[in-house]
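Below is one structure, written out as structure tokens; the observations come after it.
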Amino acid sequence: RLTGFFRQSLLHACAVWDKIKEMVSQCLQARDMAYCPYSRFPVGAAVLTADGTIITGCNVENASYGLTVCAERTAVQRAVAEGHRHFRAIAVTCDIKDRFVGPCGACRQVLMEFASDWTVYLTKPDGSYKETSLSELLPLAFTPGHLTHVPQMH
């Protein structure tokens, strides 16, 4: 029989594991919704908000390539539009089977806008994943905190 502390720790670990599995599953489903007729490179993302909500996004391409929006930014923008501003994690996937692929530089910077302590789950199509952090993916990042040091113009 487990003592209270160990039982609580085990229950917490199981809840965290279940949430990670759900994020990975939802990012894989989001990838299937991608609109990518030009690159044929579908990407899916699932962000975990501070309150435990999971919100997904997929890449949406455009014939004017510069207007394409990545899955990670779609997920963050959907979350913001639904009132979320605080995030804990993101799971990201694409169709590359033999290695883990991270978000592009622009998406890393967008994630950094909201916090530097994101946990990032790089996910393969088979559902296996590698855990990393946004700080590891974007070292020495430019953050909103840097703007507090900007001298005021008179």
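Cβ coordinates come from backbone N, Cα and C, glycine included.
According to TrEMBL, the protein has these features:
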| type | residues | note |
| --- | --- | --- |
| ACT_SITE | Glu72 | active site, proton donor |
| BINDING | Asn59, Val60, Glu61, Asn62, Ala63, Ser64, Tyr65 | substrate binding site |
| BINDING | Cys70, Cys104, Cys107 | Zn(2+) binding site |
| DOMAIN | 18-145 | domain 'CMP/dCMP-type deaminase' |
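Taking CA atoms as the reference points, Cys104 (Zn(2+) binding site) and Ser64 (substrate binding site) are 19 Å apart. Within 10 Å of Cys107 (Zn(2+) binding site), judged by CA to CA distance, lie the following recorded positions from the set Val60, Glu61, Asn62, Ser64, Tyr65, Glu72: Glu72. Within the same chain, residues at least 6 positions away in sequence whose Cβ sits under 8 Å from that of Tyr65 (substrate binding site) are Tyr38.
Counting residue by residue with DSSP, the domain 'CMP/dCMP-type deaminase' (18-145) contains 44 helix, 31 strand, 53 coil. For the pair formed by Ser64 (substrate binding site) and Cys70 (Zn(2+) binding site), distance between Cα atoms is given as 14 Å, rounded to the nearest Å. Closest to the residue listed as 'active site, proton donor' by Cα-Cα distance, out of the binding-site residues Glu61, Asn62, Ala63, is Glu61.
Here Cys70 (Zn(2+) binding site) is positioned 14 angstrom away from Ala63 (substrate binding site), judged by their C-alpha atoms. The binding-site residues in question are Val60, Ala63, Cys70, Cys104, Cys107, and the one with the fewest Cβ neighbours inside 10 Å is Ala63.
Listed in sequence order, the residues of the same chain lying 6 or more apart from Asn59 (substrate binding site) and placing their CB within less than 8 Å of its CB are Ala34, Tyr35, Cys36, Phe41, Pro42, Val43, Thr68, Val69, Cys70, Ala71, Thr74. Of the recorded positions Glu61, Glu72, Glu72 has the largest number of other Cβ atoms within 10 Å of its own Cβ.
For the recorded substrate site, residues Asn59, Val60, Glu61, Asn62, Ala63, Ser64, Tyr65 set the reference point as the centre of their Cβ atoms, and the other residues of that chain within 8 Å of it by Cβ are Tyr35, Tyr38, Leu67, Thr68, Val69. Note on Asn62 (substrate binding site): other Cβ atoms within 10 Å of its Cβ, all shown chains, come to 12. Listed in sequence order, the residues Val43, Ala71, Glu72, Arg73, Pro103, Gly105, Ala106, Arg108, Val110 complete the 8 Å Cβ shell around the Zn(2+) site centroid, once Cys70, Cys104, Cys107 themselves are left out. Every protein chain considered, the tally of other Cβ atoms within 10 Å of the Cβ of Ser64 (substrate binding site) stands at 7.
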